[in-house]
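Visitor: Below is one structure. I have some questions about it.
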Amino acid sequence: MDIEWQISSGLVEYEVAVNAMVSRVDKIVQGSEREMVWLLEHPPVYTAGTSANSSDLLIDNLFPVIKTTRGGKYSYHGPGQRVVYVMLDLKRRNRCDIRAYVRDLGVWIVNTLAEFAIDSYFSSENIGVWVQNDMHSEKIAAFGIRLRRWVTYHGVAINISTDLTHYSGIVPCGILGSGVTSLRALGKEVTFEQFDSALKKEFYKVFA
C-alpha cells in the first residue's frame, strides 16, 4: 500500500491539525493525494464530539474547549499522548463498513500495546481500547471517527505518558465511573519513537 506516514515533532494546535487533515482528505477523495497516517501531539485541549453532552464538561476553564466533527463525546488531548489521524479510502479496500473499520482500528491498537506486554481489549459497546485494572477497566486509547465519501479521518489517541489529572475536567467519552490509564501508569516507559515503530509494524498486519 502506498500510504504516507507523517510524524510531527513538537505540539500541533488542534484546529491547525484538523484543517490540514480535512484538506488532505479532500485531496484523497479527489484522487490527487495518497492516503496518510499522521502521528502527532496536541497542546492541552478538550474536544467535544458530535454527541457531546454539556453536562460531561465538569470544569470549563481548565483548558480550551473545541467543538469538533468527529464522532463521540468529550475527550482530552495533550502532551504525552500519541494522536493518530488515519486517512484511508475504504472503497479501495472494498471495505465500506464503518463498524468493521472501527473493529480493525481496535485490533491494530490492541496488537500494538501487546508489543509492550500490555494486555488490552477493544470494546464495541464503550468504543475504545481498555485495560482491566484490579476490579475495573480503564481506557488507554480513545477513538473518534468521521468519513467523507468513505475516506476516514480523525482516529485514535493513545496515552503514553499523559498527565492523567488533566482528565478531571470532563467525563471522558461520557462514561461515568470509568478510569483512564497510560503506558506510564502501567509501569511501561516507552518513547514515542518506540511506540510509533510498533504502530507502523502492526498497521500493515491489519490494513492490507
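Even glycines carry a Cβ here, placed using N, Cα and C.
Below, the features straight out of Swiss-Prot:
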type: DOMAIN; residues: 31-208; note: domain 'BPL/LPL catalytic'
type: BINDING; residues: Arg70, Gly71, Gly72, Lys73, Tyr74, Ser75, Tyr76, His77, Ala142, Phe143, Gly144, Gly155, Val156, Ala157; note: substrate binding site
type: SITE; residues: Lys139; note: site 'Lowers pKa of active site Cys'
type: ACT_SITE; residues: Cys173; note: active site, acyl-thioester intermediate
Visitor: So, three-state DSSP: helix, strand or coil for Tyr74 (substrate binding site)?
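Guide: Looking at the DSSP assignment, Tyr74 (substrate binding site) belongs to a strand.
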Visitor: Do you know offhand how many angstrom separate Gly72 (substrate binding site) and Lys139 (site 'Lowers pKa of active site Cys') by C-alpha?
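Guide: Spelling it out, the Cα of Gly72 (substrate binding site) and the Cα of Lys139 (site 'Lowers pKa of active site Cys') are 14 Å apart.
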Visitor: If I take every residue in the domain 'BPL/LPL catalytic' (31-208) and average their pLDDT values, what number comes out?
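Guide: Looking only at the domain 'BPL/LPL catalytic' (31-208), pLDDT averages out to 93.
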Visitor: So how many other Cβ atoms are close to Ala142 (substrate binding site), meaning within 10 Å of its Cβ?
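Guide: Other Cβ atoms within 10 Å of Ala142 (substrate binding site): 26.
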Visitor: Starting from the Cβ of Tyr76 (substrate binding site), draw a 10 Å sphere and report how many other Cβ atoms land inside it.
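Guide: Result for Tyr76 (substrate binding site): 26 neighbouring Cβ atoms inside 10 Å.
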Visitor: Looking at the recorded positions Arg70, Lys139, which one has the fewest other Cβ atoms within 10 Å of its own Cβ?
Guide: Arg70
